[in-house]
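Right, one structure below, let's go through it.
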Amino acid sequence: MKLLVLCALVAWLQLSAATRVHVGTVDLSSGVGRHLLSEKDHKYKQDDNVPLWASKVGPFTNPSETYEYYSLPYCQPKDGVKHKLLGMGEVVDANRMASTPYQLQFRKDRQREQVCEQLLDQEKLAKFRKAVKEDWYFQMYYDDLPVWGFIGYMEKLIKPGGVTEYAYKLFTNIDFDVKYNDDRVIEISVSTDPQEVVDISENVTSTVKAAFTYSVKWTPTTTKFEQRLQRYERFNLNPVHLEIHWFSIINSCVTVLLLTGFLATILMRVLKADFVKYSKDDPAMDEEESGWKYVHGDVFRFPPQKNLFCAFVGTGAQLFYLSLFIFVLALVGVFYPYNRGALYTALIVLYSLTACIAGFVASSYYRQMEGELWVRNILLTCFIYCGPFLVMFGFLNTVAIVYKSTAALPFGTIVIILLIWGCITIPLTVFGGIAGKNNRAEFFAPCRTNKYPREIPQLPWYRTTVPQMVMAGFLPFSAIYVELYYMFASVWGHKVYIIWSILAIVYGILIIVTAFITIALTYFQLAVEDHQWWWRSFLCGGSTGIFVYGYCFYYYYARSDMSGFMQTAFFFGYMLMVCFGFFLMLGTVGWRASLMFVRHIYRAIKCE
């Protein structure tokens with residue numbers, strides 16, 4: 001245990017000591033917990049320069065397709081563009097902070113100040129026109145507060161004869177409204193005047209002169225600095241009112257719990273009757289009757305491909321504990337609106353530090369199942385999830401590079417992530433694997449296993465693996481269906497997700513329902529003398545991940561306006577990896593619950 005704690009401490013120190021440079025590398029010490037110190041870092045005096053950083057631009061309907069702010073020919077600072085040092089999570093979140101020419105000194109009003117005057121040639125006009133046509137937005141940060149605005153708008157014109165044309169208007173003025181309390185910035189918002197635009201329609205064939213201006217208005221407020229982020233919790237992009245959200249979640253949870261309780265009552269009664277019947281010592285009945293008691297000699301026969309099976313279970317256990325740690329951080333307030341960088345940083349760090357759990361669980365079960373190729377088992381555990389994820393990441397990052405998007409991670413960031421994986425994740429997995437191999441625990445089986453397997457009777461089609469997976473995945477999926485929309489709208493949209501307490505409740509119900517439904521299906525499988533329940537229980541438990549991936553298609557085509565190859569590839573590619581993680585995690589939950597159940601029922605009867 002001391003060695004494990006030491007490894008975790010060393011890993012964290014390595015992350016915290018990373019060097020700070022531009023976009024190529026990242027500052028790993030900023031992110032998780034940085035906002036806890038924000039009160040000491042945001043005090044200003046009159047006319048102090050508070051920089052406004054431009055983060056990214058991109059189509060509003062395609063949240064993954066983002067570009068650097070100066071990919072559009074906007075005015076640049078006279079002393080050149082400077083980049084802000086970023087945390088790893090901020091870089092992963094596709095932020096690229098660049099300085100802007102706007103001067104927003106603390107408590108200094110400005111009125112229609114000109115930034116620059118540009119002659120927009122056909123190349124620049126084409127870039128702005130594309131941005132207006134695809135409804136691009138820009139995102140900036142002022143004193144760590146996000147602010148958004150649109151590039152322009154399209155105006156529909158009806159020409160004589162019923163001919164429809166569209167005029168493209170580019171906003172040339174930005175009005176900043178900043179609120180302050182004493183010596184701190186509390187709120188900032190942006191507005192644009194539809195009258196102050198430049199016509200960049202397709203019929204414009206010559207160069208266009210555009211004068212870019214801005215205004216700043218400072219307004220005092222009584223809102224405290226500690227409460228300034230509450231505005232984003234009530235932001236108009238929030239999914240729905242909290243009361244309605246609670247009602248829908250409670251309604252879904254009550255429905256699922258009632259169904260679960262109904263099935264649990266039936267299963268308890270059936271088991272009670274089975275215990276009474278199988279406790280009688282009647283040899284004649286043993287020859288005539290059939291049921292789960294009569295496969296006691298095969299029910300604890302280890303599954304085929306136990307190397308792969310144990311690697312799945314170990315990785316699923318790691319993802320289960322990783323999700324628990326994330327929920328703990330969320331519930332204590334580490335993650336707050338519009339700081340997804342903290343979440344990404346936590347995921348990377350915690351995944352690395354929990355790798356020892358995967359190695360220990362996989363190797364321990366593999367040893368209990370009398371496996372001999374334990375080195376192969378540890379290596380398989382290292383790559384069973386990271387391998388496909390790195391392949392998918394390599395493909396999607398290449399797509400982002402071709403698009404010149406900020407979603408493409410810089411080379412320095414990729415190197416750091418690979419170093420974390422190679423120097424922390426893999427060694428901790430190996431360390432956990434060695435500890436699991438040396439674990440002296442034996443596999444507890446209440447019944448001895450026969451030398452030769454019992455023949456499985458012919459079963460109807462609805463008792464085969466695929467129909468059972470459909471039945472097993474539907475009920476847990478129904479428990480999280482309502483919450484899925486809000487999660488998707490936050491991750492793959494611009495809405496804000498803040499109610500982590502509801503998500504934690506739904507997650508708990510998901511685990512409970514998955515465990516119960518898998519136990520029920522395992523019982524029904526053994527009752528018809530099908531003793532090959534190991535893989536079946538894992539597949540049934542993890543089938544919810546398949547339902548979630550199916551929901552991805554519904555969300556993409558029916559609930560979102562995403563389009564384009566890059567956005568489509570990012571959405572379905574990364575969601576495939578997320579759903580694969582769901583499959584491993586819930587499959588482990590289902591199998592572990594079934595194992596406890598099977599041990600319990602066979603321990604309660606006479607097997608000889």
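Just so you know, glycine gets a Cβ as well, placed from its N, Cα and C.
In TrEMBL this protein carries:
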type     : residues : note
SIGNAL   : 1-18     : signal peptide
TRANSMEM : 244-271  : transmembrane segment
TRANSMEM : 308-336  : transmembrane segment
TRANSMEM : 342-366  : transmembrane segment
TRANSMEM : 378-403  : transmembrane segment
TRANSMEM : 409-431  : transmembrane segment
TRANSMEM : 469-492  : transmembrane segment
TRANSMEM : 498-521  : transmembrane segment
TRANSMEM : 533-557  : transmembrane segment
TRANSMEM : 569-591  : transmembrane segment
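By the Cβ criterion (under 8 Å, sequence separation of 6 or more), the transmembrane segment (378-403) is in contact with the transmembrane segment (569-591), since 3+ such pairs are found. Between the transmembrane segment (308-336) and the transmembrane segment (469-492), fewer than three CB pairs separated by 6 or more residues in sequence fall under 8 Å, so the two stretches do not touch.
Below 8 angstroms of C-beta separation, residues 64-65, 312-313, 315-317, 319-320, 323, 384-385, 388-389, 392, 395-396, 399-400, 407, 472, 476, 492, 510-511, 514-515, 517-518, 534, 537-546, 548-549, 552, 556, 562 of the same chain, each at least six residues beyond the ends of the transmembrane segment (569-591), sit close to that stretch.
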